[in-house]
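Colleague: Here you go, one structure.
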C-alpha cells in the first residue's frame, strides 16, 4: 500500500487493488504547525540564472531576517566603495590627461604654476611648447603640419588601437554602463560576477584611460558609474558574501555606487544623488536611497578633492573643478529670450542626437561590412577599422583649432570662464586659446566645433568603446551657449549701447553664463533629466544667480524634447543597442525572445496612458493554449530527454504550473533554475525515463488524477521530480483593465501575471499569461496593435498567432487581438 499526502491534510491511499482511498487529517495539529512555522522563519536565498529577473518579494523577505551585524557590514561596504572609487577616478584622470597632453607637447614652466591633472589647460600662457618648438624650434604652420600633426595622430592611434583591443577582450566594458546598471538595479540579473567583477573593473580603468587619451567625443561619467558599481560588487561579495547578502540589498547599494560615480565625474555630490532618484527608479523608498547615496557620494568626493589638492600648483585652490568667474555679472530680464531659445535648441539637439544614434545602431552592421569591402579588411577586424576611421576624422577636424584639442572637462571649464578685459593678461593657456581671436573668429570656431561634435559624439557613442554621453552634451551645449552669448552681447552693444539695459550689478551680457545655460539645456535634451541637471550645473559653476535661467532653459528643453521624441538616450541604448546581436564578435543576445530589450517602462507609460484604449487584459495576454507550461498530467508522458530539450529551446525565466492541458488549474509558477536544481539531484537515469512532477498542496482531484496517470507507467522507468512552485501573491482575471495591470507591473515590480478565467466557477482556472516583456513591447509600440482595429475579415484573422476558426462568428473575440508576437517567445 502506498500513499500521497498534501499540505491541506488530505491523504490519498492506494490499496492492493490500486483503488484510491481518501483520508483527511486535520492540518492544524501542534506538530504540523510547528513545522510550518519553522519553514517560513528561515527563508533560503534564491539562485538566479543569467539574464533573468530577481524575485523582489522573496529577496525583501530575506532582508527582514538579517542580523544587526549585517547593517554594520552594509555600511562598511558603502564606505570602502566610496574611498576606493575616489582613488580609482583620480588614477583614471591622471593617466588619461597625461597621455592626451603628451600628444600635444610639454609645459616648461615651474611645477608650482600648473596642475598635474591639467597640464595643457593650466600651463601659464606662453610656457606651453608644442613638439615642433621642442624638436625644430619652430611653431609655424609648416612645422606644425609636418611635426605636430603626425605626432598627434600616431600617439593617439596607438591609444585608440589599444582601447579597441581591451574592449574586444572584455565586452562588459563597452559603451556607457549607466543603462546596464539601471537594468541591474531594476532587478535584471546581468551576469553580475562578470559584468561587475574584478577583471572587468581593471579593464574598465585601462580602457577608459586609453579612450579619453585618444580624444574621442566620449565622456567618462558612464564608465565612472560602472567602475564604482564594480568596486561595490567586489566589496559586497568579500564582506557579506552570497549567503549572508541578498540581491535586493545588493541593488540598494548599487544605487549609492551610481550616485558616487556621477558625483566624482562632475564634482557634484547632490547632483549625483538626484541623478539616481530621477534617472534610476528603485524598488526601495527614496529616503533610503538618498541617505546611502549621500554618504557614499560625500566620502568619495572628499577623497578625490583631497588627492587633487596635492597635484595643484599655487594658482589652484581646493575648490570646484569648474570655477565660473562671472565677475559682477547678473542676468537681465531681456536675456530670457535667448535663454528660452537655448532651451528650444537643446531640445531639438536631443532629438537629433538620439535620431543619429538610433540610425547608426540600426545601420552599423551594414556600414562595417561596406567599410571592410572598400578597404579589403576581414570582417573580424571591422571594429578596428571603424573606430580608427572615426579617430582619424576626429583628429583632422579637431587639430586645426587649438581649443578643440583640450580634453572635454578642461574644454568645458574654459567655456565657463569669461575672457579677460583688454589690458589684462591671460594667466592660463586655456584662456589664451579661448580668447586670443576676435569675437567673429571665435564665433565661427564655436559653430564649427558644435556641428562636427554633434555627429562625432552621436556616432562614437554607439561603438564598442567605453564612454558616456553626458560630458559631450554639456560641452556641445556650452559651445552653443557661448556662441549665442557672443551674439547677444554684440546685439546689446549694437542696439542698446552699453548703459541702456543695466541693472545695479551688471551692464553687459556674459557669454560664459550662456555657456552654463546652454550646457544644461543640451544635457536635458539628450537625457530628459531636469532637477539633477540644474543642481549639477550649479555645483559645477557656483553660479547661484543663474539658477533661475538654468531652470527656464532646462524646462523648455524638456518640453521640446518630449514633443519630438518619447525616449531618452539611455532607453534608446537599451532598445537599439543593448540587446542587438553583434555580428562581428558573435555575442549572444541577452534578451532574445523577450521583446525589444527595454526592461523598465515606467518612464514611457507617462506619455501614452492617455492614449490607452479602454480594453481588458484579455486583449493582450498570451492565451493559455499558446503558453509554454509545465503540466502535472500531460497528454503525452514527458521523458528526461524531452524535459532537457524543453528547457534549452527557450529563454523563459520560468513556466506556469498547471494541472493538465484539459484542466488548466493554476498551481503556481516554476522557475527554470529550480527545475535544473531538482534535476541535478538525480544520480543516474536513462534519458527515456518518464518524468512525473511531485508538488505538495495540490487539490485532491488533481492529485488523484496524477496518481491514476502514474499507475500506467512502469515504476522502474518513472522519475519523481520534486518541485516547489512559487505561489503568486497577485492573480488577476481576464476582465481586469489593462491600465490597472500596467500600474501593478510598475509599482510592484512584478515579473509575470497569471490570468484566470472570470466566468468559470472553478477557482484559478488559468486562461492566459502576461509578463513584463509583453507590457514593454506594448508600451514601446504605444499600443498600436490594439488601437484602431480594422474590420474583422479572413485576411485580417491570418495576422494572429492563433488558428482562425472557420467562421468569424465562431471565433473567440478575446483572442482576436494577438498580433505581432514574433519577438515574444512565450508563444509555442
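Positions of Cβ are set from backbone N, Cα and C atoms, glycine also.
Reproduced below are the annotations present in TrEMBL:
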TRANSMEM  75-99  transmembrane segment
TRANSMEM  141-166  transmembrane segment
TRANSMEM  201-218  transmembrane segment
TRANSMEM  224-241  transmembrane segment
TRANSMEM  253-277  transmembrane segment
TRANSMEM  289-310  transmembrane segment
TRANSMEM  331-354  transmembrane segment
TRANSMEM  384-403  transmembrane segment
TRANSMEM  471-491  transmembrane segment
TRANSMEM  543-560  transmembrane segment
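How about a rundown of where these features are and what they're close to?
Modeller: Same-chain residues lying 6+ beyond the ends of the transmembrane segment (201-218) with a Cβ under 8 Å from its Cβ atoms: 88, 91-92, 95-97, 99-100, 103, 156-157, 159-160, 162-163, 166-167, 169-170, 173, 177, 226-227, 230-231, 234, 390-391, 394-395, 398, 405, 407-408, 453, 456-457, 460-461, 465-469, 471-472.
Away from its own ends, the transmembrane segment (289-310) comes close to residues 75, 78-79, 81-83, 85-87, 89-90, 117, 228, 252-253, 255-260, 262-264, 267, 269-270, 272-273, 276-277, 282, 318 of its chain (Cβ-Cβ under 8 Å, at least six residues beyond either end).
Tertiary neighbourhood of the transmembrane segment (331-354): same-chain residues 454, 457-458, 469, 473, 476-477, 480-481, 484-485, 488, 501, 503, 506, 509-510, 513-514, 517-518, 520-528, 545-546, 549, 552-561, 563-565, 567-569, 572, selected by CB-CB distance under 8 Å and a gap of 6+ residues from either end.
Residues 148-149, 152-153, 156-157, 160-161, 163-164, 214-217, 364, 367-368, 371-372, 375, 377, 411, 414, 430, 433-434, 445, 448-449, 452, 456, 459-460, 463-465 of the same chain lie 6 or more positions beyond the ends of the transmembrane segment (384-403) yet place their CB under 8 Å from a CB of it.
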